[in-house]
Amino acid sequence: IYFLKFCLSHLSVFLMEWAFIMNRVSSQGSSAAQRRRMALGVVILLLVDVIWVASSELTSYIFKRQEYNKPFFSTFAKTSMFVLYLLGFLLWRPWRQQCTGTLKRRSSAFVSTQATLSLHGGSSEPLYVPVKFQDFPAEHSNCLTGDCKSSSKKHRVRFSNIMEVRQLPSTQALEAKISRMSYPAAKDHEAMLRTVGKLTITDVAKISFFFCFVWFLANLSYQEALSDVQVAIVNILSSTSGLFTLILAAIFPSNSTDRFTLSKLLAVALSMGGVALVSFSSMDDPDGKGVIGSLWSLAGAILYAVYIVMIKRRVDREDKLDIPMFFGFVGLFNLLLLWPGFLVLHYTGFEAFELPSQLVWTYILINGLIGTVLSEFLWLWGCFLTSSLIGTLALSLTIPLSIIADICMQKVRFSWLFFAGAVPVFLSFFIATLLCHYNNWDPVLVGLRRVYAFICRKHQGSQQCNNKEDIF
């Protein structure tokens, strides 16, 4: 009963937040289409939560019940399926145009229709032109050009008779053109406008090549953890990636907003306390796999935080990186470069290479296509329909859903330490998400300042009363 209350309370918090967002959208006079768009996005995100929990449970089932405990093989197979995203070069017209160079030529022709621009990214060299004051009377123009001795003394403002002219930089030419275009004309260039400012295919491939190793290691750690402990423990410990992201972003800031605040310190403290309790609850495992699984979960959370912080340093804006293309190249490089890992693990004895049975192959393919490829696409779609904040908050529902799945499907009984640690980790996930979304928000510092101001007012008021008593 306590567990059901715990899960229902967190589910109600999320639904209340959704209702608040819906009411806010409707109060601002949004149309019915916008409300349907928000509702569809929330439903898609809830579906993604169910898919991810089911995928984790299926992976745990393959490792433990089917006795095919091959985390590296599972990670390699599912990550390589991201290569299916590269079919977009056959089906998606803007990608094909980038390959043939058509879009690049159209963009260059589009920008060249502007006025004469500087060849460099910054402003051009200044050009000083004499000012012609033709709209002023003669006596005013004489005063403005400096000859105002005969004028009255009240004209004390003097203007320069030379104006500085700078040409529009080429980096702003397209925006200037778009601002003067009519809506039908802009729609004609819709495919080109969507790709303006995005990274080229070569740039995306370079970033994918670098980050495919970090992405693979983070997912391998998650798969290793699933082979040792329950899904609920893995998901709770893996949710601490947001806290590690806050810490790493403060150490290696990508912009001025990545600073460590008191609110982030509180979130880290809550998360670390919850992680300690959940880790202690997993020590009851007699074979000692609980501790190893907890360490694998934390390692995966740290690696995922490294991936997030480093990609933010490489790509300053989210809209510059084509996410499906990025994951497509990650799957391609994973398939081409990481297969020697089978030989290393086989001959070192860490994971003997063995092809799965037909049933296990079916499970892995279904898990990869739905739990990896389709779920990533649906999550991106849900974030597009709602917002990145709601999309990240929706991930927290995997914690209560995985607890319910473990209890109902695997008949797992968790100790009170587990639930005592799950609550602060769950809360810290919400806090970290909000703090990442509102970069300059520090509610703890604001609260402390208000308390300090209140105490000071009380202290000053008491001193004034004492002074009045002394006078009387």
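Placement of Cβ uses the backbone N, Cα and C atoms for every residue, glycine included.
Per TrEMBL, the features are:
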- 38-55: transmembrane segment (TRANSMEM)
- 75-95: transmembrane segment (TRANSMEM)
- 199-218: transmembrane segment (TRANSMEM)
- 230-253: transmembrane segment (TRANSMEM)
- 265-283: transmembrane segment (TRANSMEM)
- 295-311: transmembrane segment (TRANSMEM)
- 323-347: transmembrane segment (TRANSMEM)
- 378-404: transmembrane segment (TRANSMEM)
- 416-435: transmembrane segment (TRANSMEM)
Result, the transmembrane segment (199-218) in contact with the transmembrane segment (75-95) (3+ CB pairs under 8 Å): yes
Selection from 199-218, 265-283, 323-347, the stretch that has most Cβ pairs under 8 A to the transmembrane segment (295-311): 199-218
Stretch with greatest number of CB pairs under 8 Å, the transmembrane segment (265-283) reference, 199-218, 323-347, 416-435 candidates: 416-435
For the transmembrane segment (199-218), distant same-chain residues with Cβ under 8 A (at least six beyond the ends): 75-76, 79, 95, 98-99, 300, 303-304, 306-307, 310-311, 314-315, 320-322, 325-330, 332-334, 337-338
